[in-house]
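Let me begin by handing over the structure; questions about it come next.
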C-alpha cells in the first residue's frame with residue numbers, strides 16, 4: 001500500500017474564511033425574537049440560554065451557524081422564539097463583544113447583562129487566598 005504523501009484534503013485547498021475583520025451592520029430584534037445570554041452548552045447543537053425577558057430556554061443552533069460560528073457560554077445571541085413551544089428557541093445570530101456593547105449602549109440589552117465577563121466562580125475577590133503556616137521551613141531543611 002502506498003504512503004500518504006499529500007498535505008490534506010479539499011478543506012486545505014479552500015483555505016480559511018477570514019471575515020472577522022469586516023464590520024457588519026448591527027441587527028436589532030424584531031417581533032418573535034429575543035436577546036439572550038448563553039448559560040450552558042449542552043452539545044449536539046443545543047444550548048441553554050437565559051433570555052432577557054426572564055425565561056430560561058433550550059436553544060437549537062441552526063445549520064447555517066453550526067460549524068462556522070463558535071458559541072461559548074456568556075455570549076450574547078439573538079434567538080427566534082417558537083409560536084408553539086415557549087420553552088424552546090432557535091439561535092439566529094451571535095453578537096461579538098463590540099456589537100453587544102453597542103446594543104447595551106442603545107438600551108436594547110438590560111444593564112445587568114454581563115458582556116465578555118466569564119466569571120464562573122461568582123462574586124468575590126480572587127486576591128484573598130489564605131495560606132496556613134504549618135511550621136518554620138528553615139527547621140525542616142536543616143533536619144534533612
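Each residue, glycine too, has its Cβ placed from N, Cα and C.
Annotation comment: Swiss-Prot describes 1-15 as compositional bias 'Basic residues'. Feature annotation from Swiss-Prot assigns compositional bias 'Acidic residues' to 124-144. For 88, the entry in Swiss-Prot reads ubiquitin cross-link. Annotation comment: Swiss-Prot describes 22-96 as domain 'S1-like'. The region 'Disordered' annotation in Swiss-Prot covers 1-26, 114-144.
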List the same-chain residues at least 6 positions away in sequence whose Cβ sits under 8 Å from the Cβ of the residue listed as 'ubiquitin cross-link', in sequence order, or say none.
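The answer is 57, 58, 59, 60, 82.
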Going by DSSP assignments with H, G and I as helix and E and B as strand, what are the residue counts for the domain 'S1-like' (22-96)?
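Helix (H, G, I), strand (E, B), coil: 0 helix, 37 strand, 38 coil.
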